[in-house]
Structure formats: C-alpha cells, structure tokens
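Student: Below you'll find the structure I mean.
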C-alpha cells in the first residue's frame, strides 16, 4: 500500500477535496495527518477547535482514503511554553532550548505530561472510533535533534529517582559505578550529578545509566499515549515513526509497546551523515548506499515484531543534508519497491505537496509548489500501478542469516570508543553489506530473540551480554560469529574480572582478551589462514587454547572457534569480511551469488527482487518470461521481480 | 590624495609636531584621528577633556595637514559600561560579551543611544567648524567581530517592535512566516523569540527579518550620528569605514546616508578568510588575490554613490590573519594605485607608526616602532611623488559591464545554503574575475539602480527580486545574465507559487525551476553548446520552451535566453564562466584582451592602469613613450599607467 | 629504583598482603598511594577515618616496601562541594564545572584553602614521621584538563589583587598594558575583567599577566602544602608529579619549592596530542617518538634541581588518547631504562592492577584485571633484575649542550602565535631532536641558570629576555644560538622600542628585526651559505652589519653571528636544523655520531645507553664484551648499555 503525509493546515480548505481526489488517482491509499497540528487543535488550555480537522478527515475519507493520525505532541504550542517554561529541554550548559521549531519538551516535566494527557485524550475522544482511521502514530521522530537528552533540574531529579529505583541504596550505586575511584562517592541519590560538565571524563557507568534512564523515560512516554489511544480506538494499530541510525533510545523496547513499527527513509541524506568513504559518497550521492535503507528495513521489521511501515519516504531532493542531490530518475520507485521487498506493509511518502514556507520549504513532495506532479509523484504513481498488477504481496519469510543488533552496544562504544573511529553504525553496516554482496538476505534481531531456524548468526559486537542473549546463542544450532569487544563489559559498564568476553561467553568459548588496541588510520594488520584480509581500527589480543582458524602477521590469533562459536579478534575491512562471509556461508551450507557493488537482491516469500543502484546494467540470472517486473538486463536504477 | 591614521593618544606630545612634519614630507595630505579616543575625551558622564585633542588637531593642521575625525563610539569607556551594563552585546547563549576590546555595545540600548548623543554632540560643538577638518567618520567598522548581532532582552524587545511595525498584526506575521508549520503560531508580538537556540532549524523567514531588523538598527544608528554631525559641520563630508566582504548589514542602505563611502583594504588577510583554493592562497599569499580588493573598490564606489576612500590601507604585515605574510616589495604601492585606478579619492594608510603595545602591536605602520620609515612608508612616499607627477586624476567613467550585488542575496544563501559551499562571496568574486581576466572593467550596482548605458549586466544570483530591480532590468537595453537561484524567494523568504524565478521575472523570461540540486565536491556536470565548461555545487532544473543555448550532458537546459535575458542554470566553474563571458561580450559587441592569472587592467577616465600581481613579467600593448608610469615590460609587482 | 602506584581503596583488604608480596617479588621497591583518597579519609568536615589507610600502610611496609604518600587534594569529596559550591572551577562562560571527576577546585577559594589545611595537617600529624614513608607528593597533576584556569568571581578578585601587588597604581597598569589603545583605560583595579569573552582579541598583556597570576596561585598552593608537610615530616622529600608538555604554569618556579621533581610519562598518548607529522605518528604509534619523553626527562631533571622521578610510567595501552595502541613488546622496558639513563632516581609505574571500573578502566597496569602479570609487568620485572645486576647507577654529569626552555616563551607564542602553527612544543622538540640525531646529550635549562661549562647553548626562542638570562649568556664561554622571535617582547608584552631582539641582546649582538612573516604551509624559504636548508612557518627580517653566515634566496640574512652569539632568522626545518647543528658542533669542537631516525644514545656518568625505537636493527660501535646490557646488534625495541 502507498500513502502520503498531508498537512491540511498548510492549505486553503477549498483545495482539500481536489487534493484528496488526486491522491486517490495517483494510487495513494492512506494519508497521515495531524502530527504537528497542536496549535490549531487546542487554542488555550482545554479549549479545543476540532472543526478544521473534522472537515479534513471527512474530505479525505470521502475520497476513499484511509487515515493514520498523529498525536501532535512533537510541537507544543507557544501558550503551553509560556504557562510552563519548564517543559523546555535544557542543553548541556543548563540553558533552555527555545520555542520556534519542534520537539521543545522534556517528558520529565509533569506539566508536559499533564498537557499530553489532555490533548491525546481529547483527540481520542473525538476520533478514536472514526471508521476511516486505521492507525495512530504517537508523537513524531523521538530523538530528532538530540532531544532524548535534557539537562535541567527536572531531568536531574528524574535521573536520581530512576537510580534509586535501580540501585535501592546509595552504597549499591557507589559500588556499581566504582565511585571509590577519584573520591567520587556520593552520600545520597540527591547528590548525583547529571553526566555533563564534569572537569574531565565522566564515569561511563553514569553515562550508560543516564542513557538507560532517558530511554526508559521516552518508552514510558510512548506507553502513556499508547494506553490512552488503545482505550479509545479499538482495532486501530499504534505506531511511532522512528529515525534510522538513531541510537539514543532503545527502539526494541519501545517497539514491544506497539503493533507495527514505522520509520522515515531518506536515503540521500545518509550519504553525508554516515561516515562512508568519499568514493562511496560520490558514487551513491544520487541513489543512496545500497545497504543503508535495507538494513533499517530489516531492523524495523524486527522492532515491529514482524510488521513495519515506511512512514516518511523521500520523494525527491530534501533540505537538511550537507548537500542535497536530486535522486536519479527511477530511484523513488526503486526505494519504494525495496521497502516492499523487505516486507513493508505500506510506504508513505513525505509529503503530498511541497510547502513554500518555513523550515522545510526546500523539501520536495509528490506535488510541486505549483500543484503539478513532481518526478517523485510520477514514480509513486507507477509503483501504484505495478502493485496493482502484482496483487497482494506474499508474507516475508525468515532469512538464513541473522545479525544481532543491540542499542547498548551503540552506547558502550559511543561512551568509550577507545579509538575515535570505532563507530557502531559503520561496523554493523559493513557486516551486513558483506553478506548482501553475496546475495544473502539478513534478518536483524535483538539480543535474546530466539535464533532457532537460522544457519548463521552475526554479532558484529555485543559488549554487554545478557543472560537472555546467552541462552539464545546456546539454543540455536546456527554457526555464530562474534566480533571484537563482545562481552567486554558487565551490566554496570565494568570489565569482567575474568576478562572479556566475560564469564557467560567463556562458558561456551574458552578464551580471554588480554589486551586491546585501537589503531590510527595509518595502521593495519594482515590476517591469513582459512580466511584472509585486513584488520584496521581495532584488535583484540587473545589468550586461548582453541583452534586458530586465522592469525595475524605477528602470529596472534585472528579467528578462532569453539565448535560453532567463532570469534573474530579485530575490526574487519571489506576484504576480510568478504573472506569470513564466504568461509562461514560455505560451512553453513548456504550458496552465494557474487553481486557487484551496486546490485542487491531480496526475497519476499516466493518473490525475488533485484535492485540496481549503479550506472551500469546487470544481467540477471532469469529469463524474460519469468519476470513479473523488469527485464533480464537490469538497467541503471531499475527494479526487477520474479517468482523464484 | 594619500592619508594616514594617527593616534596622538599613543604617543608623547613632544613628538607630535615632528610626526606631522614627517607626514607632510612623506606626501601625506590627510590624517584620520580620534575614532578610539572616547576614554580620553569624556572622563565621566558629561565631563569632557578636549585639551589634548585640541593640541593634536592644531599640531597636525599647523603642518598643513587636513583632518578626518572619527566619532569614538566604537570604544565605549569603562565607566559607561559600569553605569549601564545593558549596553554590552549579548552572545547567542544570552551571556554578555565583556569590556576589554572594542565594539562592546548594542544600539538597542537606550542608555547607549543617550551616551552617543552626548559625546557626538559635544565633539561636534567643539570641532564642527574647524577649518582643517574636511570630513567625519561615524564610529568604526560596524559589524566587526560579529557585532551587528546581539541576543539580549533589549534586542528581543527591539525586534518585536520592528516586527510590529513591519506586519502590524500578529496574524500577518504568522501568515508571512508560515507559522502554521510545526505549530509555531504566536499570539502576540511579545511572544516572538530571537532566532537562536531553537531545538532545530529556525524559520528562515524569522532569520531574514532579524537580519533586516539589525541592519535597520545600525543604519538608524549611523543616521543619528550623521544628523548631529551635519547640524554642526556644514560642508564636511560624512562617511563610515566599511569592512569588505562583510555582509551582516545593508551597506547600500547606509551608503545612502553618507557623502562618501570608505572601506578598509587588507589584501593579504583575505587570502585565508575567503575560501580560495590552496593554489591561489600559495600563489597570492604575499600579494593578495588580483580581484578581491578590486571588487570591493567597485562595490564601495557604488555604495558611496560614486565617491569612495580607502580609510585603512594595509601598509605591511598585519596581525589578525591565520598567517601574516610580508607583502612583496612593491605591493603597497600597487594596492594604492589600484585603489586610485578604481576611483578612490584618497588612500589612507593604517597607520602612521606601529604601536608597541596592546592588541594590534604586530600590525605594521608607515613608521616602524623605532621611528624609521618602513617598507610600506617608503612605497607610500613613492606613490605620493607619482601622484604629484601625474597631476589631478580624471573622473571615473562607467564601465561597460555591471554586476548586480545584493545584501539580501548574501543573507538568503547564508540562512539557506542548501549545499554547504554555496558561498555568495565566492560566487560574485568568480563572476567578476571572469570578466576581469578578459580585460573588462566592471561596475558593481545595487538591484534597482538604473542599468541604462551598460552593454551587459551580470546577476550572479538574486533570490529576492524587487519591483525596482525588475524595472531596472526592463528599462535597460543591456544583455542580462541571471545566475542560479535568481527569483527563488519572495520578500518573506517563501518559494514563489509559480516556482522560481518567480512571477516578476517569468513575465520577461518564461521558465520554471522545477528542482534544484546542491552537489558535493566530488560531483560535477558538463555543459556544452554555444558555451561549454563545468558546473559544480549547484544545478537548477529548468522547464521552458525557450531556446537552449547550452545543455548539460543529460540533456537538460544549462543556458537559455528570452531575447536579451539569459539564464544560467548552475554554479559555473572558471572554464564555463570564461566561455559564457566570451559569448556574451561578443554578443554585446565588446572586445576582450586575454590577461594571465596575475595581470589586471583598469581604466579611470582617459587613463589606463595595469597591475602585475605575479612573479612573471608581462608585455604591455603600449609603447614606452606612451607610458606615464612604468615600462612596457610590466615587472613583477609593478604598476603601469598610460593615456589610452 | 622501580615503584608502582597502588589504590588500596579499590581492592578488598584481604588481597592487600598478597599484592604487597607480589610487588616485592616483581622487584618493586616503592609504592605511591593515597592521592585520590580524600573521601575515604575525611567523612565529614573534620571527621577522619584513618583505619583503612593505617592498615594499608602497615601491610605494604611489612612487605619491605617504601612509600610515597600523595595529599588527596586533587579529588575534593562531594560533601565539601555541597558545603562550599564556590570551590568549583568556573569555565570561560562563567558556568561551574561540576563534581564527578577530579580537579574540581580553584585555589582562589578561601574555603578550599581552609579545607586543604585541615586535611593535609591531619594527614601529616598521622603519618609525617612514619618510618616507611620516604616522600610526599602534593596534590596530583596540576593543570590537567585545563584546571589552572578558572573564570569565576573569586578568580577575578584574586587577579585584581595580584595586579595591585604587581603594579601598585592603576595608572601603572594602564601604561604597562597600553590601555590607551581602544579606550581600554580602567579607573580602578576592581574594573579589570578577566581576559575572556571580550568582543574580539583580548589585550595580550592582560593574558600573560593572568597566566602569571594563575601560575603564582598554584605555586603558592604547592608551597602551602609543602610547608605543612615539611613541618611534620623531617627528612622526607616533597614533590609534585607534573604533566609533560603542559605549559600552563611555571614548573621551574614550583620546582624551586621541592626536593625532587617527578613527572608522568605516557609516550604513546603523545603521538596524537603533539602535532607530529602523519609519517611520524604511524612509524612511532607503538613506541612513542624517540625524543618526546627524553626531552621531558631532561626538563624535569632541571625542574628538580638535578633530581627527578617518573611518578607514573605507562605500563601498556592507555585509555585517554585519540587512539590507544599496544606498546611494542619491549617498550615498557625501554622507556624505563631511558628514564634511568637520563638520570631518573625512580620509575614508578601507573598502576599495580587495572581497575575494572570507572573512568580509567581501559588503562593497563602491571597486573591484568584477572590478577595475572601483564606484558608491562613482565618487562618491569626484567628491568628490576637488570638494575640489580648493574648495581648503583652513577650520577648524571652535565651534557655538552644546553637548551634554554622558558614557560613565558610558551605563553607569548600561544597568546600571539601570529602564524597558527608557531607551536613552541614542536619548536623545542625539533631543536632537541636535531642534536640527539647527532648523538649529543642535551641538558634543559631555565633562562638565568648559569651556562658555564657548556660548549653550546640553544635558545629556540626566548621572546622575553630577563636580566638574569642576559647575564648567564654573557658569563658563559659557550657558543649560543638564538632562534627567531628572541627578545621580541619586554616584560609587559610590548615590542621593544629599539625593535627585537631588544636593548639587552642588542648590547651583545647589534641587529634589528624590522619585519616578521608567518608563512602558510605552502610557503617556504631556502637558506644557503655556511649552513643550508629550509625555513618554514616564520621569518625574521634582519637589519645588521654583522657577518652573514647564511642567507635566504632573496638575499636577506638567515644566520648571522656576533662573536659567539648566533642568530637564526627563521623556523628551521629538519634539513636546516641538521646543517646548523653540525656547523655549531664543529665550531664548538664536539664530535658527532650520525644516528638513524629511530636510534638514540644517552650517557649517565660512565655509562652509555642506546635505545632502538624502530623495527630495524642497528649496529652499535661497541664490542660484545664491553656490553653490560644488550648485544652489538641492537635489536628492534631493545636497549644496550656499556661503560664508555
């Protein structure tokens, strides 16, 4: 299903009906509205004006469109800030972040919680059972612009309460954090500072606890809204639209509170914000990197417990990246099909018509400001026809390979990179890419999720290994590959006394990491043996009696295994990753297909899709008559689909 | 005429007379004094001591020197700050910027306005009709060190008042800014925040309005002083010394309030502060870039309505750039002649003698600290003799080509670069350079200035096109070349509903820009047709039925024309700029001379000047006997002058 | 002697005795403890608990270990901050730097001074005469994390008092600072601002005075503690452990208050924090640069008036650098021997056992967290045996060459770099390196120290030349080489009226620096004559009738001499430095040995040591039978020692 985001509040009412008619004509089935409309809904505390929204909903519904409504809490109105200045988030220096954009609140503010209850309850009472509304989006893009954090007095008090709930006694906290170091002992929870503006490094234990605390605060804030919605809107789904590659709260934890996950896919913006190579950035500036959105699709399918939407799909050039390219012709269609191939239930474009004013005026829509269908609009319309031609898409089936993704891994490596380029976003992307280059579908899973059914499980790194994670590793028959730094911390961010990978993993894989090295960009280490290639950025030094599958030039162990448990003692460059991937896939009995840098495949049930991100054609191993979409010669920026 | 800046307050009185004598001997005719002397003039509120200044003025006048006096408001004394701490400017975080350097005030402070009236009135009453004083400089270098901006409570209140005057009703403001986006609607002018410290992007409409507001504030502040001066000093000129490449207020608007413009020319410092290429920086580190000061001369001639001075001319190495080279021998002379060739009425060196103390102790003067003439002093003396030899210089006549420069263009592209290297300073420099490399003199004009008499008009970009600008484009017979992003915004920073270049320009040039792309440094687009070369950084995608004069590799229109109106759909690199320049100059019937990278020519009335910025000689197309200054073989860092 | 830092407060008491036994077994003779234990010692104001420390001391002493105790003032406890929030240092924006790490105090706080007296007095009363305690360390790493500075109200008041003591009258201050510039005159000491948050550049005279003021404040703070210690601990030495390459206070001045200096040697961390070349960083990432620690050894031998310790020696990978490599096998031994070769009385490793928690959990120790001896521990143990084999080391004898190091030189060039890469740390390192590459031992000396006995004295730069320094230059017979910018400032940071190198030096060396140039990285100047090579970054332009020993390409003087006083008019690159070094060493009658980039030698009395920092072997000019340690083929990362 295709959808679009629409802002009736931006447009004169007399064009709403025509907009709705054209949406339906373009093949749009669902429209998201209202998520920034608080100021129009509640004019003063408890004074509501639903008239415009009533008319907007009716107009869209009358055109046969289904609706997803957003609660408007991402944009508190000016009068609320005036009444309760303490809802404003506070920056690291203790200065408030001001009204005039969005996300200007901290959920640690009781006044904001009260205002949230009021607006969400009123909205649900009005629209909860509306026939055309099929789902609800809570708030919008939690964490955008560093808004999980706030460093004010309310936030400190909330952190202190959270710590008290976690540790019960201040002695337990002092012990867990190792506060005997540097005389950091505190006598009472009320004495704990937020981890900011210390003279030098802040205790990493306090940093990860503050991150957990803020993550819990936003999960609770989601739950608060979700409960009000569910109480009034039986049968409608509840979701949130996440931002990809955003790691400041635990998306899995929040995902457990929702019916379907959704995320915002802007492939071109990621070209600059992820630390890709310059060659990649130039090559994929107008297409996006072939694995970046794909990895997020697979992540949010897991976050949504198997169900996900694209709630905002890039429809053309945007405004917020360092540079903002025009997508190659065909890419809006390609991105849409790729999301569907990875199991998306709907792809909702952001947005119907480019608004000529305010912050996002340079962000394209399906319509240009002059009301004419944009290039992206034309491509969306084509996809709609192709979807209609294909009929209902089959259900997604599990991939043969799982990649374990962990938010705490992102936090540990952020608070303690130890080498400044140890970037978890890139680490997981490179591992994923290596298998996708071999034609392999990869599921993303949370640590502790059952791994049964997989042939191979990838753990790029997992510094904190929970009991649940261990159990899942033990209960599968899959080969498992652990990357560097796995098991390097306990729950309190301390090094295990038995050294990494820690007592739980050492039970199944007897080895010790005795030293670690982060390597500046000029350094590398060659690996050879059953696999070969290059390690950069990070090395673990192992002490073990296990079999050495590959070793470094200096003789140290690079890859070892205890039965089906493998440990890779460094950050693998592309060459080594490819070699390791081939080795393990062969061991797991999985066959591979060598894909060039710019081509990817993905199966959805009985369908196989192929995508060409590059300027060169690629010959598919399929006859023309088998193809449901496309041609055997897969053209640049084109899509193909066939039944396997 | 040559001049020099002098600070009697730095030197013992017993050397003043000797200094004056040596100035006259060196060929100096005018001396600027007093612009940082407030603490010596007003010892406490209303308590003045003019004795030292009386003596300084008399001493200089007695040597036959003319004087320009500066009002001293750029350096408020300590006691004023103590009495009225709210005169201090406030940084973006709301913290005051402290006493201890200069420009520590905001004109939004009523106390500072009152103090200004008092000191300027007192100074004018004392010296307004002094026979030796020929002109007055108001304050000094408005905007230096980001001092147009201040983010305090007084500044916010002033902004709110300014907005009320502009929009009358808050509904009009909400509509103009598109505040329905993200529920940013405000209920009262008192609720408008300054555009700083918002959670994410600030509304660009509020940013440009704040810029306009601050620009108006400083223009008003200039006018306040100018009116006091004019009331007391009949026949004397009023000026301000602007800083080149400083775009934080509208110099044209302020220029309309003055009799003559002046600016501060420091060619070497610009080598690092402008984003030139590394090759250019190395090549011109000790000479300055050949077009950088020239472009500013042409700008301030326009700002001063045909009249301009150099109020501070670099006389040797300075102290404030990232690196501070020693000018090549001859460059102080060359820079002086170049200013004169562009029409400067006077070139005033900064400063007479290098002061051994305080912030600018490493900034050279015409005298070294040991009282001996510096290299720059010797070169100034040589220029003085050459001026005497040539006699009165002819009046400047209009150039055949005009370049439209617009402060709002700088603001729009700064607040919304869309691609991080869309730098208006460089864009206009490169367009200017392309024509100068072909031996063409270029006038700089404000949008709306009459363009009659020009053969060719260049508009590197002009996002906001006023009615006056349109009228000037229509009323000339010149060929006009518009660059990318022209007409891309309306007065309120919204995209025109008919798409760029907007309804006014579309009336004379029927085309639409349907998409725009900013390109990362690795990307470019080749152009071919009647012109050829490369586009980088920016592309407009055109929809038009007009003739295609050149196209991109992908077939899209790169250069088109509707009669004499031409539109170039991208940021041209040097190759394309040169090609376009030749094409249009030929079309306009202007002949060109190919100059190497390091040689430039400039006409002043019947005189032609040539300047060699490089280490290689250049053979001029002139016989030795024609030359008033110089030789046919134009040596490195040398100047030539002949009557055409 | 070898030692180790130990934190009994981190470990259960039941392992202390075993730890002590193993220390002794490893060859450790001395243990530093207690410097971060305040929170365990004083539980509330005046409420002390010494029981744990009593037991720790007794346990260590019982194993035959000697002790150095640290006063714990680097880590004020939480209750003290709660009682007196004004002890917290204040950042440049006026915001307090918070509790939660270390060094969170300003000595300008009377409450902190009172608390210091209380804890140090109590500690001394308890332990002053303990038989096992041989010395006392005052506080820890003054200046770490920019903690010399604090910008609060107490700090401003202290600065104003300091200025009053220095200048007596405000007129004297105004004159010294040149406050007539920009109307900066102040009417009272209470009107002086701290040099921060001014609108533009701050007066450099105020900056250097604030630096002197803070330096004095910390020297006084050291003295306060030293006096209490000396009153209670007869015969014990007093020291402080300095941080190398830290220039924010005058280490010589503080050194005069102590019996022995000590410093913290972390060779690998310096690879990224010093602006070395990328080639050097890659080559020496796992060894450290061969001259970096050596130069600090020679510095702190001078600071300690001939006596120094390494109070913290890197024992393996650390946690705080941008990247943290594992030392090459052998380097911990090499670093230890190198310190001893330069005269260290003891090398104390940081730390006994890697603590699994808190900020420094990734910092190695002699024991791993699993209680097993680390690689560094094994190497320490080897050194202990070698020391025992060699017997008592001879006394250090003076080197033939002295390098004059000056903290004010660091401050002047920091506050007024004039070219952004004029980095005093690198300048002195390169001069030192040039002579060490020729096999020459170099002493570091403070300006004003007697230079008699030296053959050659190097002054890389000395902007402020004191009377004492001049006297020392005059009273030696050594050749002296002055580098650029020498004598360029008077005591108040003003340029000498007679131009640099100022009247004192001009008395012995008649020349004037008439202009200076800082050169961007793309520029350089070739030198030829008796010496040849390249100048980058900086040139002085000389006016002199002295003999020209070498000149620049443009004919200007590059090297000149007045008798034994030589002046080098630029920043010499390695080629020119080597050429100058050979020229002067020959002139001084000293013989040289050409060492490759990675090999260094050093004499201690009758012993000569050689160190190999590289991956290639080096053949020593010594027969096997002469060697006390090592082999004639000096292997990578190996050490040799022989009696000359």
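Residue 1 is the first one shown; counting continues down the chain.
Any Cβ shown, glycine's included, is placed from N, Cα and C.
No curator has checked TrEMBL annotations; they are predicted automatically.
Pulled from TrEMBL, these are the listed features:
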ACT_SITE  B:141  active site, proton donor
ACT_SITE  B:312  active site, nucleophile
BINDING   B:102, B:140, B:320  substrate binding site
DOMAIN    B:5-388  domain 'Glycoside hydrolase family 42 N-terminal'
DOMAIN    B:399-590  domain 'Beta-galactosidase trimerisation'
DOMAIN    B:599-643  domain 'Beta-galactosidase C-terminal'
Student: Near chain C: which of the recorded positions B:102, B:140, B:141, B:312 have their Cβ closer than 8 Å to one of its Cβ atoms?
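Tutor: Of B:102, B:140, B:141, B:312, the entries that lie near chain C are B:102.
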Student: Can you check which residue among the active-site residues B:141, B:312 has the largest number of Cβ atoms within 10 Å of its own?
Tutor: B:312
Student: Do me a favour and check the Cα-Cα span between residue B:102 (substrate binding site) and the residue listed as 'active site, nucleophile'; whole Å is fine.
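Tutor: For residue B:102 (substrate binding site) versus the residue listed as 'active site, nucleophile', the Cα atoms are 17 Å apart.
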Student: In Å, how long is the longest CA to CA span across B:102, B:140, B:320, which the record gives as the substrate binders?
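Tutor: Of all Cα pairs among the recorded substrate binders, the widest measures 17 Å.
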Student: What is the average pLDDT across the domain 'Beta-galactosidase C-terminal' (B:599-643)?
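Tutor: Computed over the domain 'Beta-galactosidase C-terminal' (B:599-643), the mean pLDDT is 97 on the 0 to 100 scale.
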Student: Report, as a single number, how many Cβ atoms besides its own are within 10 Å of the Cβ of residue B:140 (substrate binding site).
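Tutor: Neighbour count, Cβ to Cβ under the 10 Å cut-off: 24.
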Student: So what sits near residue B:320 (substrate binding site) in its own chain, CB-to-CB under 8 Å and at least six residues off in sequence?
Tutor: B:269, B:360, B:363
Student: Have a look around residue B:102 (substrate binding site) and count the other CB atoms within 10 A of its CB, chains all included.
Tutor: 24
Student: Measuring Cα to Cα, tell me the gap between residue B:140 (substrate binding site) and the residue listed as 'active site, nucleophile' in whole angstrom.
Tutor: 11
Student: Can you tell me how far the Cα of residue B:141 (active site, proton donor) sits from the Cα of the residue listed as 'active site, nucleophile', in Å?
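Tutor: Between the alpha carbons of residue B:141 (active site, proton donor) and the residue listed as 'active site, nucleophile' there are 10 Å.
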Student: Using DSSP, what is the helix/strand/coil residue split across the domain 'Beta-galactosidase C-terminal' (B:599-643)?
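Tutor: Tallying H, G and I as helix, E and B as strand, the rest coil: 3 helix, 24 strand, 18 coil.
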